[in-house]
Ligand SMILES: Nc1ncnc2c1ncn2[C@@H]1O[C@H](COP(=O)(O)OP(=O)(O)OP(=O)(O)O)[C@@H](O)[C@H]1O
Ligand SMILES: [Mg+2]
């Protein structure tokens with residue numbers, strides 16, 4: 001499963017594109033004297049970020065010590081529309097001109113702190129090894145000034161949050177869950193990593209009906225370090241994690257915390273809304289208290305007993321009682337899914353219809369537009 005090429009698996013890639021595996025000597029050094037120059041242990045004289053010989057991140061990509069190289073730089077892109085905005089920046093649709101591949105580019109402002117930069121490189125390393133059908137493909141990263149830019153596979157139907165509307169029907173929900181569990185199991189078994197940020201906005205879908213996990217890597221790590229003081233009003237954190245963070249004990253995260261977030265995401269997708277709606281709590285503290293001490297959420301009426309029991313197995317309050325990924329894959333909810341035909345492509349089309357309709361809403365025709373008078377020059 002481990003790949004060292006950053007070539008997108010979809011068609012249309014040719015020539016000297018992204019991650020063409022060029023040797024590091026091919027890199028054009030960045031001018032010295034960047035804002036990173038106080039960080040000599042990390043920033044080498046060329047201005048690139050050097051992570052203990054494990055990888056080098058610079059203006060034209062990232063080189064890993066195993067020889068794989070993800071060559072990519074800003075000049076090669078045509079910037080397109082904004083796809084969405086998270087807490088820490090925007091994700092843009094971009095065209096990578098040399099290869100004609102459409103990608104998604106996420107900008108993250110980094111603070112000059114060795115720990116954070118180390119987290120970035122650890123996660124870049126994970127990202128470039130994470131090649132699986134249920135994991136969003138990573139094409140490369142580069143850095144300019146104090147921003148790291150991550151380039152990844154563009155998912156043309158967006159995130160599950162944009163597709164869930166009033167709730168997702170059971171067969172589609174089961175298929176989505178199947179992909180999520182497989183993706184999480186892959187990360188754990190093959191790469192020994194936990195996701196740590198499972199939620200509907202981090203599960204992306206394309207028009208082929210494929211479902212992929214993202215943001216378990218660099219951005220997740222960074223966002224978490226920035227987010228510590230701002231848990232936000234939609235927390236997918238497991239009760240033990242919320243409790244642990246409130247005691248400043250960050251060692252409470254185990255793989256079963258991801259299983260909680262998975263269960264909570266499934267309930268949200270089934271209901272079409274976050275299961276602890278902020279409007280029912282007087283403040284964030286009351287909401288977090290409900291997560292830690294209240295009963296676990298459950299699927300709404302109308303779902304099969306196997307779906308209900310699957311979610312219960314994810315949302316046990318005590319972490320050791322939660323199911324493992326192997327148990328979840330053997331659960332009737334997912335076993336039944338593997339025997340069923342599910343029209344994921346048709347579902348994506350219908351779930352995207354409202355968005356498409358908004359896009360196509362006719363604008364006022366040019367002929368009826370009144371052209372406002374030019375403002376007088378006030379100077
Ligand atoms: N590869 C991609 N293809 C298509 N759309 C994407 C892609 N990556 C992100 N998006 C869109 O951009 C939005 C913003 O993503 P981002 O990861 O910055 O924040 P988030 O996951 O929504 O929230 P948070 O900041 O809490 O993590 C997503 O909700 C999704 O709709
Ligand atoms: Mg995200």
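Cβ atoms here come from the backbone N, Cα and C positions, even for glycine.
Unlike curated records, TrEMBL annotations are generated automatically.
For the ranges 1-39, 40-78, the feature annotated in TrEMBL as region 'Disordered' maps to 1-39. The domain 'Protein kinase' (77-334) scores a mean pLDDT of 88 in the predicted structure. In the three-state DSSP scheme, residue 106 (ATP binding site) falls into the strand class.
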